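What Swiss-Prot shows for this protein is this:
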- T247, S248, E249, E301, S400: L-serine binding site (BINDING)
- R278, S279, E280, E365, I366, S367, S368: ATP binding site (BINDING)
Amino acid sequence: MLDILLLRKDLDSAIARLETRKKPQAFLQVEAFQSLESERKTLQTRTEELQSRRNQLSKQVGQLKARGENADAVMAEVGGLKAELENSAARLEQIQAELHTLLVAVPNLPHESVPVGSDESGNVEVRRWSPDGQDPKPLGFPAKDHVDLGEPLGLDFDMGVKLSGSRFTVMKGPIARLHRALAQFMLDVQTREHGYTECYVPYVVNADSLRGTGQLPKFEGDLFAAKKGGQDGEPVPDNAALYLIPTSEVPLTNFVRDQVVPESELPIRLTAHTPCFRSEAGSYGRDTRGMIRQHQFDKVEMVQITHPDRSYEALEEMTGHAEAVLQKLGLPYRVMSLCTGDMGFGAAKTYDLEVWLPAQNTYREISSVSNCEAFQARRLQARFKNAQGKNELVHTLNGSGLAVGRTLVAVLENYQQADGSVAVPEALRPYLGGDSVLR
């Protein structure tokens, strides 16, 4: 959530920055905001006047009583002021709630270094990497896609449809082993080499957790709501609503909700391997073949909670942590700086890592690393105690390290051999019993 003080100080500048984001989108109901702000200022001024008058009269009451004089008239006026103050306080509370409702629908302000653009065509390539130089080396034979390569190895889309519907996949045998090996390898890299603490988290979270990281209320349609037994047809109170996690960013970042962290404990680095559940609303007809876009997929998530002065240094660092996995696996990729029109709701700046897929002859997203600055922390009331002893909002960052399913797709396509078999990347062989070919 944006700092309301920033909007009060320079609304025009904030609106100009917001308008560089994806359109059409109602970022802020400006007229409603200005009307509420005007009423708030008037009420606050009146409230301060009433409080000052009440204090003066209360002093008079004490003086009159000390002299043995009648104070009934003055006390009656104090009583009248009390009622007006209570009414003002109630209306101020209502205004603050209405302002909050407006602000939770507003995305983060793009950082000044973010390229301006209306959609993904405005994204800027930062660098690319390949084991053979910058560009991927041709396979030397016609590339099969991951579906044709994976089905003989245990990738079963028909069973996924039978069990759950479209955009679900079953993995068996060699493919299941490869999937598990990838997740374990990613966790080992992030915990042993990059200092993240491995966490096991619930796959079901409450509405407060999703509000804290920004998925609610704006993106409820992208979530899977969970119902307890016997809840069918019964209204569920907001504070009892439960959802399947769309990413472990949600539980990990919420570790610091309503907390004041000692500055000496920053940065906090957390990682978790979890399934992620997304309805993929608005993605109908896109990536219908294979594993690229699923309702359920696994991801190793990285989260950092940092000092505000060091969050952009942490963004570069985390991007490198995701790149390290791709480099160890020998997978060609490029790093893209997302433009203002392609960034996520809570991000101030985002890098996407895109892996090379030979069968598609293109790069596809495999990781997204974002600095949310204080946007989530303000919702979460996640703070640290600074050197002066004052509480200050932390900055939060999150990123994939990596999406396991898409990494599996990339391994199948980049390590395919002319006979249709798939070689095992050297880094994964210890996790697969030393096998050099997936079998």
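Including glycine, each Cβ sits where the backbone N, Cα and C put it.
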So among S279, E280, E365, I366, S367, all listed as binding-site residues, which is physically nearest to E301 (L-serine binding site)? Use the C-alpha atoms.
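Result for E301 (L-serine binding site): the nearest of the binding-site residues is S367.
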Taking Cα-Cα distance, which of the binding-site residues R278, S279, E280 are within 10 Å of S400 (L-serine binding site)?
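If one measures from the Cα of S400 (L-serine binding site), no binding-site residues come within 10 Å, so the answer is none.
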Reported as an integer number of Å, what is the Cα distance between S368 (ATP binding site) and E249 (L-serine binding site)?
12
Going by DSSP, is E249 (L-serine binding site) part of a helix, a strand, or coil?
helix
Taking the mean position of the Cβ atoms of T247, S248, E249, E301, S400 as the L-serine site, which residues outside that list, in the same chain, have a Cβ no more than 8 Å away, listed in sequence order?
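Surrounding the site, in chain order, are V250, L252, A272, T274, C276, K299, V300, M302, V303, N398, G399.
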